[in-house]
């Protein structure tokens, strides 16, 4: 199924690598990791982002926007999946006969000699990767989100072992060289990449699992339930005595796992206990049980995943959930958190759908996912993520929520302003607000745009 890339990164020391789309979370992670390995990094993107600012602070030269003049005899060009053949920098690299790699192809070179704990699934992979990196602090880590433990999406280590968040959206997880394949779920998404062929989609997961020496799976998933090869298996019944507490004002889940005793992990919800359990089971051959138990406490959450931005008169949470399953699970966590805080405030949801294709593919589930634990729904325009706009009558589809439609939300001090046509139509000064989406809602809620 895999074709080995014709261009391989060999000696990284002083290798000149240019990243097109360097601001993306996946590409920026590779750029940080390779810079730490001794490579000379440059890059470009269409706009300034936190990742771009971070890399510039490290001394990386970055062009905004893309500029063919930035291509000047680098050893290799690596580009994100969203970059097309007609990109000016791609065209210039071809003129200069500089090797060009997609992120997917570059992964093969970067990971082929590593002992990779590769985490992949529709939901929970960032959290599991960050939890496992907390449990195994001597491992390197490349995560698709910022771990609050070390305030980055990358942790460099001389150790051959690496915790890696793999990506099924472009099938690049197949290039991650898994020593251990860790899969919490396989709910179909990104089917456009697989030609809307479910058989092809599930075959990719099977290939990923089959080519790992070690497999850790959650058998409540319909596909994983039928997986027949040797694996470390987690089932719902293996996790019990789940309780939720506030510790020093922070939310934690305590639970017992199989016959391994009790564990405590930052965050709330059954899904949080499941994610932590998969990380624990993945590490059993790496450390003793007490080290695992203690190191898990170093996990402090990840940016944009139940990210508590403030907790005063207005409790404000930012969450990356952009699929109905994720939204439903996180809303349950929000209700648990509200109960722990003993607040009587309504839970207000601000939702920014991410991609027209995802919204249309999951429309019926989106229409149901706010039914529990959402007292008021506020809807932002769809974040297209470069997709062509489609006409979707959200007012009709979501009328059963009596939603409020706005153009954007603006953080002003400790308050939130709701805007339509650049006019403030409402100010939220107190209450419990959670924002959902993988687009720019995170910057709106943080007052960064």
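Note that Cβ sites are derived from N, Cα and C of the backbone, with glycine treated the same way.
What Swiss-Prot says about this one:
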BINDING   121, 122, 123, 124, 125, 126, 127  ATP binding site
Return the residue, from the listed binding-site residues 123, 125, with the maximum count of other C-beta atoms within 10 angstroms of its C-beta.
125
A 10 Å Cβ contact count, applied to the binding-site residues 126, 127: which residue has the minimum?
126
With Cβ-Cβ distance below 8 Å and at least 6 positions apart along the chain, what are the contacts of residue 122 (ATP binding site)? List them in sequence order.
168, 185, 186, 187, 188, 189, 323, 325
Can you list, in sequence order, the residues of the same chain other than 121, 122, 123, 124, 125, 126, 127 whose CB lies within 8 Å of the CB centroid of the ATP site?
119, 128, 184, 185, 275
Please report the DSSP secondary structure of residue 125 (ATP binding site), reduced to three states.
helix
C-beta crowding around residue 121 (ATP binding site), within 10 angstroms:
24
